[in-house]
Every structure is written in structure tokens, then in C-alpha cells.
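Engineer: Checked Swiss-Prot, it gives:
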- Glu111: site 'Important for acyl-CoA specificity' (SITE)
- Cys142: active site, acyl-thioester intermediate (ACT_SITE)
- Lys163, Ser192, Arg249: substrate binding site (BINDING)
- Ser192: site 'Important for substrate specificity' (SITE)
- His235: active site, proton acceptor (ACT_SITE)
- Glu237: active site (ACT_SITE)
Amino acid sequence: MPVKVIEGLPAIDELRADNIFVMDNERAKNQNIRPLNLLVVNLMPRKLITDRQILRLLSNTPLQINVDFLFMASHEFKNTKQSHLDSFYKSFSEIKDDYYDGLIITGAPVEQLEFEEVDYWSEFLEIVKWSKSHVYSSLHICWGAQAALYARYEVTKENLPQKLCGIYKSSVEQPKNPLFRGFDDFFNYPQSRYTQSNPSEIKKVPDLEVLSTSKETGFSILAKKNLREVYLFGHLEYDRETLAWEYERDREEGLKPALPKNYFPKDNDKEKPQMSWASAASLFFSNWLNYAVYQGTPYLGERLGHHCGEENYDFNQKE
């Protein structure tokens, strides 16, 4: 949250250089705070658990947040009752005329399919295209990040030699970026994926900045310079037990998964998993809400539409 000081205080310039939100008396007098409106497109199979994980991270700031959950109407869900979706989720047709301060698109267990083979791909493209004119800042997670990069910039994905699964140390490459305010030089980051976005193609997109990397996982977090688009290739939202559950699921399906790296004490899957990324996850989501969403959107909600529009992309060629 902002710090109010007397204009001219010698420390102001240095604080602002460190991405500390400092305001003078005049701005403080006119400071108004309204609830932020967020849309979460939950593509994960265990929706109730993912809902809880996302909401926990969104609740760590003093900001009031109104959250809508969206489901893909073109997909038949196997793990979530329709009654739950009818009660707590909305379809795209119900919200397409609304404007949102922020959008979160989760991962999905479909990365081994080609994008066009996913049964809700056309609907996904429609949502991404709509977000350019109806959402101020969008945050994409894992498959959601890979798919959005493909939709917007034609960045393809490539298969990894084996599933990347575990907790990996990522290096902060741009410590002055507001999304990493308060971070140490390194942070732990859960990964669970079979594919990655093509690094050489990412480098060709001039508006994208690589914010964090890992020797083992490659690029881990990207963002547009104006923070209107943020791409997380891992799962900061995961709780302590998520990777353990996925590991057991894969074993039961006969996939013979490797043990998640840097996760179980002494690599013993009978032990309680180690939680080493909670503080980084909380800080990152708080920074996104504060710097990418709250500080950029207007106080008057009805003016949000004027702030959302950006350049258009040709999405039709992907359908």
C-alpha cells in the first residue's frame, strides 16, 4: 500500500527507484479505493481446490476484491459437478459485456495435446481476444501461459524429454521490476509440466521481458513491459500437497512418474512434503494486484473500459 510523506523528503527519489509507492499530501487527499473486480478462468480438474488456492493468494492485501469464476461451456467436466458450476461459476456469454481489473487463467492438464486439439480451444481464443479490450491486467499460469503466448504471438510449445516436476530455484533477473519488489535474489518455484514455450521464439517478441529464469527450467516468468500481461510457467499457487497428489495420480495411471525434485524430505514420498515457496507466492500475487492492477486502473469503475483497450491481434487464423 502507498506511503504518504511530505513532498521534497530526501528519501523519496530513492524509495520510488525501489518501486515503493510514495504519494504527496495532494494525491493522498484525492485517493479513493474501490473494490477490484477479478475474473478467474479455472481450467484445472480439481476446481474446488484450485479456487481455494487462488483465493488464498488474492486475500493477502488490504484491497477488497470481487471475484467471478468462469468455466468453459464448450467442455464437459468429469471432476466437477454441474451443480457446482451452475451455483458458483459463470459462462463467457454471461460476462462478455463486463470489464475486469484483472484476469487469471490457470493451467490445464492438456499440454500434451496440440493447442488446436483442445476441445475448448475456440472458446479460449475468444476469451483471450476479449481480454484485450475488457481486462486491464492478465496473469496466465502454466498451460494458460503457453496457450496465451501462442494465441497472441504465435510462440509454439515443445515437448520436454520428461515431465518437469518438483521445486526449482529461480533467479530474479529484473529486481527493479515491481512484480519482484521485496524478493530475494532467488525463490523456490513449483513446476509440473511436460512442455515449454519455445525460448528462441519468446526472444523475438519485443514487448516481453524475461523476469526470472532457472538453470533447470529455463524461462520461468515473463511479462509485458507495461505489466498488462504476465506469464508464469510454474505453479506458485500450489499448496503443500498438490505435487504429492499429482505424483500419486500419475502412479495410479501407470505412468511411472519420477519423484518430484526437491520436494519430499530425503526423497521419501512417505514423508510430509516441504513447503518452501509460500512467501514468494504471497508476495508475487500481492505485487501483481498492487502494481499491475490497482495502481493502473481508474477509481470510477465505469471508466475501466477506456483503460483496457490495446492493440488488436489476428486470432482468427488460430481457430
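Counting starts with 1 at the first residue shown.
Every residue gets a Cβ built from N, Cα and C, even glycine.
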Engineer: Sorry to bug you, but what's the C-alpha spacing from Cys142 (active site, acyl-thioester intermediate) to Ser192 (substrate binding site), rounded to the closest Å?
Structural biologist: 8
Engineer: Between the Cα atoms of His235 (active site, proton acceptor) and Glu111 (site 'Important for acyl-CoA specificity'), find the distance and write it as a whole number of Å.
Structural biologist: 14
Engineer: Check Arg249 (substrate binding site) against DSSP and tell me helix, strand or coil, would you?
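Structural biologist: Its secondary structure by DSSP: helix.
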Engineer: Measuring CA to CA, name the entry from the recorded positions Glu111, Cys142, Glu237 that ends up nearest Lys163 (substrate binding site).
Structural biologist: Glu111
Engineer: Using a 10 Å cut-off on Cβ-Cβ distances across all protein chains shown, tell me which of the recorded positions (Glu111, Glu237) has the largest neighbour count.
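Structural biologist: Most Cβ neighbours within 10 Å: Glu237.
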Engineer: Checking the recorded positions Glu111, Glu237, Arg249, which are within 10 Å of the residue listed as 'active site, acyl-thioester intermediate' at the Cα level?
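Structural biologist: So the list reads Glu111.
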Engineer: Work out how many Å separate Arg249 (substrate binding site) and Glu111 (site 'Important for acyl-CoA specificity') at their Cα atoms, rounded off.
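Structural biologist: With the alpha carbons as reference points, the distance is 17 Å.
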Engineer: Please identify which of Lys163, His235, Arg249 has the densest Cβ environment, defined as other Cβ atoms within 10 Å, among these recorded positions.
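Structural biologist: It comes out as His235.
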Engineer: Pop the Cα-Cα gap between the residue listed as 'active site' and Glu111 (site 'Important for acyl-CoA specificity') into the table, whole Å please.
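Structural biologist: If we compare the Cα positions of Glu111 (site 'Important for acyl-CoA specificity') and the residue listed as 'active site', the gap is 18 Å.
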Engineer: Can you tell me whether DSSP puts Glu111 (site 'Important for acyl-CoA specificity') in helix, strand or coil?
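Structural biologist: DSSP assigns Glu111 (site 'Important for acyl-CoA specificity') to coil.
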Engineer: By the DSSP assignment reduced to helix, strand and coil, which category contains Cys142 (active site, acyl-thioester intermediate)?
Structural biologist: coil
Engineer: Neighbourhood of the substrate site (Lys163, Ser192, Arg249): other residues with Cβ within 8 Å of the Cβ centroid, in order?
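Structural biologist: Apart from the listed residues, the neighbours are Cys165, Leu243, Glu246, Tyr247, Asp250, Pro257.
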